[in-house]
Structure formats: structure tokens, C-alpha cells
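Chemist: Quick one: the structure is below, and I'll ask about it shortly.
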Amino acid sequence: MDTRRTCYVMQDDLFYHTLTVKEHLLFQAQLRMDPDANHAARVADVLALMGLSDCQDCYIGNAATRGISGGERKRLSLASELLTNPSILFVDEPTSGLDSVTAESVVQELQQLAARGHTVLATMHQPSSQIFRRFDALYLLSHGQLVYAGQAAAAVDYFGSIGVHCPAYMNPADFFMQEIARVDHLAHLVASWRAVATSGSPTPTNMTALDAPSRPAPHRRAGLYQWSVLCRRNLRRLVRDTAAFKARLAQSVVLALLSGLIYRNLSLSQTGIQSFAGALFFITLNQGMLAATSEFVQIPLELPLLRREVSAGLYAPTTWYLAKNVSELWTQVLFPLLFVVPVFFLIGFDAHVEEPASVLWTMSLFLSLVTSACVGLGYVISCAVPRPDVAPMVGIVALMPLVLFGGLLVNANDTPGYFVWLEYLSPIQYGYRGLNRAFWTAVPHIPCATGQRCAALSGADVLENAALDGHSLQYDVGLLLAINVGFRCLGLLALRLSLRNRRH
């Protein structure tokens, strides 16, 4: 079936709640319509057609954020599909969850669409009598068997002709549902309809064939354009979600102040070496854990909308995934920077090195790389386990070994041979080693009082004692990039498998 000439409006209304009604339709138009079409004009026409012009600048909202009403959400779902002017509309439970007045208004919109030349097929379970009278044709199915197919207005007379009489003041729809639900009565209903359909006698069918006016199938944009549209949509979603943005911002600042006050003005001494090690490990671990755990929940929440748009042929999963990766990179630079700058000066790293700006730059680089790599790990887990209640538990289990072999809790020289591979996969280790190397290589001398046990006399000694002196900064940067790309490729594979398994 050509989804460009047909459309399927599902029962659940799924949107990005931080977009406005008009913005949602504009993005949908860019993804669905002909590349040379006037998207803004078409959106304006559809807004007017579906009675959404008055709320076009309102946020869609969700259960936690005030937005448009339930009826407006249903009409917005219809409007999204009408952008391409399809010949046939399949609508699943259009009145589900709506009050009687709103439900009738939605069905009235469907009736008007049918009057304009669209063929509308809707599934309904318990329509009111007012809604039932708006339908031209009726199909009744029970346990997969056809009980009636014909004009809705002729259904009561047909059932009366086979001995099943509808009470005078009863809603015909309720009566039909009651009768076809009776298992002991089903065989009679099915046999009666088969007899009428095969007898050659006049039947109440007289149905209009599903051959609505042919419309040319629109030509869709290439993948690069779809990617740019998805990037802009996701970026706007992120920026508009002020509650989440403020929470991330507060998280970075509060944890920076807390850790800065705990390790405030560390002294460069033999006893201070341990505190510096703890501070650097916490800085690395904090950014990695926060980055990964937030993604454990976020992607599963986006997957229902992704599945719907992919199944409708709007874009490929790879296009969406690449757009998400690119449009969120700035957050993986901004939040680590907001964290490390106050921490750097509160702890006093600047007081012990000759070029604090260079050390701060290197630390910021490594924290951004660790954050980005851990986001990649979050993608892997959340795509492989696409349930927001299960993914965090699986993700924590996956993170723990990477933390244990992060460079502080187990000396690299003491790592069991059968677990060495975990060291190579741990972005925490490379980030921790990078931060240590950035600081300690800039420390030529560590004071040691006479008679005091001297664990290290220079930054180089600290790196050697902790087995953090191997390789180079460039090596660690390269491996962090490789791990990042590897995690994100695994995430894409997990996403495609998840979508494929869901279809089967």
C-alpha cells in the first residue's frame, strides 16, 4: 500500500510536547511533502481545515505540561496526515479518551473530510447514537468474521429481517455490539450474512469502492535534507524543554560547588596527593555517570514517536539517529565546561601550575570526550533495552565495571589479565588518566618535609606510582574518540534491531 496516497491515524497521539502546533506541522510538512511545495501555505490550509488556527501558537504539552486539549490533539494527528492530501484515511479509535462533545466534533471533522472526496475508514467500539448517524457505511466484525457490511442506515432493518430486533429507544451501535459479542449467537449472525451475500438477492451493501480520486505521489526529500530537518526539530525540542535544561544546569553548578567546597584549596603536599586523586576521579566519574544515566531514560521515551514516523516512511532510522547525535553534541561540551571551570579554581589547580589556562583547556577537552563517550554508551543501552523502567538498571550494571577499572580503584598494573579488556573499553580510565596527566605533568616539584615519608617528589612520580604514565595525551584522546564512535555505532545497530523486532 502506498503510504503517500493513504495514511493511518493511530489511536495514540504522539508529539514532542515542547513544540507548538504550527511548528509540529511545519516539520511534518518538510518531512512528508514535495521538495518544491509551499510548506507554510499548506500548513495554514490544514490548520484552517481542522479548526486549529486559534491554537497554532500554543505548545502541544503533555501530562506534566499544560498544552492543547484532547480534541485538539486528535485533530492535530489528523492534520499531520492530511498535509499530503491522501486519498484514503485509516483512523484508529478517533474518539478514544474524549468526552462526548469532543468526540462528536472529531467525527464531524472526519465527515467533512469524506464530503471533500477523502475516503475515511474508522474503527469504533462504542459510538454514541449521534456519532453513529454520521457514518455512511458500516462493517461489523466479531472474532475475525464478517457479520455485516453495508449502509449504516440500513443495518437496523437488516438485523430485524433475520430476527434480531433493535429496541426502539436503544442506540443501534450499542445493540450491534451487544449482539455480536454473544458467542452463542455469532454462528447465526455469520451464517445469515453469508446467505444474504451469496444468494444474489439485493443486499444493503451499495458501498462506494475505495478508489478515491487519484493524486500524484509526492516526491520526498533526500536523506541529507531529512537529517537537517530532524536536527532542527530536535534542537528546538531541547532548547524549549526549559525544565530539563534548568535541571541539567543546576546539576552541573550545584555539583561543581559541592565538590569544589569538599576539596577546596588543596595543598600540594605528600598527603594532598591522595585528595587530588580523589578529586580528579570524582570529576571524571561525575560527568560520565550523569551523561549516561540521562540517556538511559530519554531514548526509550522517544522511541514510540520514532517507530510511528519510520513506519510511515518519513525517514530512515539511521537518519534520525545521526540527527540526534549531532544536534545534542553541544550539550556534551557546555555542561562539562560549566562544571569544570568553577571546580578548577575552587580546588586550586591553578595555584600549583605555571600555565593554568592550558591545564584547564586540557581538562575541559577530556571531560567533554568522556561525557560524549558515556552518552554513546547510554545510546547503546537505551536502544538495546527500550524500556524506561528497565534500561537504567541494565545501564548501571554496564557502567560499574567501567568505573571499577577507571584508574583509581584498581591500579592498572594489578588488573587481572582476564579483565584487561575492560580497561580498554572504559572511557572513565582514559578521562581520569588524561586529567591526571594534564595536571601532574605541569607540577615539577612536590614538597616533602625532612623525615617525612615521600611518596612522590614530582608530578611524574605520581603518574608512575598510579600507573597513569603510559602512552600520551594524544593516545588517550584518540582512544576516547574511538570508544565514542564505537558505542554510537553499536547504538545504531541496537536501534535497528529493536525496530525490526518490534515489527515482527
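All residue numbers here begin at 1 and follow the chain in the order shown.
The backbone N, Cα and C atoms fix where each Cβ goes, and this holds for glycine too.
Automated prediction, rather than curation, is the source of TrEMBL annotations.
According to TrEMBL:
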- 5-96: domain 'ABC transporter' (DOMAIN)
- 125-178: domain 'ABC transporter family G' (DOMAIN)
- 225-436: domain 'ABC-2 type transporter transmembrane' (DOMAIN)
- 329-347: transmembrane segment (TRANSMEM)
- 359-381: transmembrane segment (TRANSMEM)
- 393-412: transmembrane segment (TRANSMEM)
- 477-499: transmembrane segment (TRANSMEM)
Chemist: Just give the helix, strand and coil counts over the domain 'ABC transporter family G' (125-178), going by DSSP.
Modeler: 21 helix, 13 strand, 20 coil
Chemist: Check the domain 'ABC transporter family G' (125-178) for me and report the mean pLDDT.
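Modeler: It averages 88.
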Chemist: Please spell out the DSSP helix, strand and coil residue counts for the domain 'ABC transporter' (5-96).
Modeler: 39 helix, 11 strand, 42 coil
